[in-house]
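Residues or ranges marked as domain 'PAS' in TrEMBL: 135-190. Taken from TrEMBL, the feature domain 'PAC' covers 203-255. Summarising the annotation, TrEMBL assigns domain 'GGDEF' to 287-423. If you look up TrEMBL, you'll see 432-685 marked as domain 'EAL'.
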Amino acid sequence: MLAQPVTDFLTSSAALCDAVLRLRGHALTEELGRIVRAVLNSPLGEYIPADSASMLLTPPMDAAVAANDDAVPSLSQDVCFDDHYFGRFVVSGGAHYSELDRQHLASLASLLGSVLQVHSVAQRTTHAYVQVEAKLQHQSQILDHIHESVLTMDMSGFIISWNKGAERLFGYTAVEAVGRNILFLYDEEDIGFHDAFLEQGGRLMEVRRKKKNGEVFWASLSLSPLCDINDRSIGLIAYLTDITERKMAEERIHHLAYYDALTSLPNRTLLTKLVDQALMVAQRNKAHGCVLFIDLNRFKLINDTLGRKIGDQLLVEVARRFRTVLRDQDLVARLGGDEFAVGLFDIGQHFEASMVAQKLLATLNAPILIDGHDLRVGGSIGISVYPQDGHDAETLLRLADIAMYRAKQEGGADGDHVAFYSQDMNQGMQERMRIETGLRNALGNGELLLHYQPKYAIPDGKIIGAEALVRWRHPVRGLVPPSEFIPLAEATGLVVQVGEWVLETACAQAQAWKDAGLPPIRLAVNVSAREFTATLPGRVSDTLKRYGLEPSWLELEITESTLMHNIDRVIGIMDRITALGVTLSLDDFGTGYSSLSYLKRFPIDTLKIDRSFTIGIPGDPNDCAIANTIISIAQQLKHKVIAEGVETVEQLAFLKNSGCDEVQGYLFSQPLEAEAFERALRENWRPGRSSRAA
Ligand code: C2E
Ligand code: MG
Ligand code: MG
């Protein structure tokens, strides 16, 4: 067995390495057995791997020559590396094994141990690598399949990765996005936040981003740090979800809560907040502030007569005009109905507020054309001032509201007026509230009554009719004149119920007089603008029928303001009334706007010269000229003319001279209770009586 050529050992070593690299399992065991037999030139020999069942029975041992006399000589050598045991070479069948054989076997085992060790490390590494690769593949699949868009970027915001969700959300492919700076996805408004994002990774925020098609959307963005193997932060991972729909729903809810749906102006809630904020600034700057409370004068009338659709358009136009007239920093809100409020906070002196108020009134009085209607809505404005009247929005609004009512009273039913709040108004307001509740009760408690003021024909001084004038017999205050409650009843709408009562009572009275055999007269009932709706003719006709009263007994007095809107509609109502046989007279004539071109279209019977002109007769040339003009207009239009408020014989003489047909006034009679009027009528119609008018 000596002198084994070295080349054989080398060849076998090479074969051993080759086998380990190429073969596995049984084939490898076989080949190793073959090699060991060749190296030791031994007929028997094998490699027993550690996992072979037989090895479990044979404990590992160093290469040893079993020199038992009885046994066949054999060699065995464990194959190990460090502490790791791979298997064992066992050779036998030779006649004798030398020390050199043992060394060769040891070398072969050592070589095999090393090669198996290297190979198994390499195999494990390859396996681990394959696993890592599979895991990565797995993760990228997950990333691509989740709905969220996930992208990573380096510390400077350059995009490193871009999942399918990001492709779907932004419309850019990974190829288009990776390598670009994240800023290209920002909406202009959000660009300033970029640095803050990078510094504060981990926050959840709502941002605006831009898609490839330019569309800007809302996204929820969560950032978390991207770290390297040593846990050093090298960038950010961004998770984005499209929340545009939710955001829009939120905005809609916000808009509903804080804005008026019709005009899109802030509502009372938002105005209160904004005013309070502005007051804090004003307080710091020691500045003044004002709140203007605006109520449209003729809105209710327009809304009642022309309908809601036109009313709505009118409010939208008013809101638009207010915004145009005011500066950007001024606040304007719709409080509800036809009430608006304006907040001014950078005014030097509070009288500037009244200039603004005048501008607002001017814009309300400029014609508003809607559906062919030429509307002039007018307004009343109350102003409260910070700091003198109040220090918070609620108080300033409340006081401006009170001042607005004063403005309404001072301006009259249709006049535009501005009033600053003052202490005594508060009392006035309480008084107003008292009257309002009192009046509601008055209707139910039968506290209203009518007085009748006779009307006389100038040529013969005969009583040709009477005007029914309402009174309120207040349980505490006594007889309250209509001037103290009719304007309020008009403002609150109560006038409609009052009017129904008056018409009913006047017809009942006329019927009673007729039945009592009194000469036929015309009983005039005042009808306010708010009552003058499409239902009025029907109501009049029903009432007449109910009392069996001829229509010629009834006259309706309407004021000029009633005629100011929607002429065609008003004329339609008038025609239906006159068609019943009821006459119409135009009260307070000359005090409103009376377009002569319209006047001739109205089916009226009588023009009533207002008391304010009668007063100046005959001393005031203007009043005389006006009275004369009214009389000649009436004559040309073939209307009768009556002068009210005649108190002196001079007035009467002038009117008689000018051709006035009828008169009414204290010179002849104050308004009388029904019985007194009846007596006066009987007296007047008695044959042979004398009369001042005649
Ligand atoms: P009006 O329709 O112009 O009524 C004439 C007013 O002048 C009445 O006041 C009458 O008493 C008063 N008057 C008559 N002659 C003279 C005079 O010679 N000198 C003076 N200083 N005054 C005179 P009254 O009764 O206080 O009514 C005021 C206003 O209240 C009425 O003005 C009318 O607009 C309204 N009103 C009265 N009754 C009713 C009603 O039943 N319904 C409606 N809607 N309004 C009414
Ligand atoms: Mg009248
Ligand atoms: Mg009058």
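Using the three backbone atoms N, Cα and C, a Cβ is placed for every residue, glycine included.
Contact between the domain 'PAC' (203-255) and the domain 'PAS' (135-190) is present: at least three CB pairs lie under 8 Å, with pairs separated by 6 or more positions in sequence. DSSP labels the residues of the domain 'PAS' (135-190) in these numbers: 29 helix, 13 strand, 14 coil. Averaged across the domain 'EAL' (432-685), pLDDT for the predicted model comes to 91. Secondary structure by DSSP for the domain 'GGDEF' (287-423): 61 helix, 42 strand, 34 coil. The DSSP breakdown of the domain 'PAC' (203-255) into helical (H, G, I), extended (E, B) and coil residues amounts to 12 helix, 29 strand, 12 coil.
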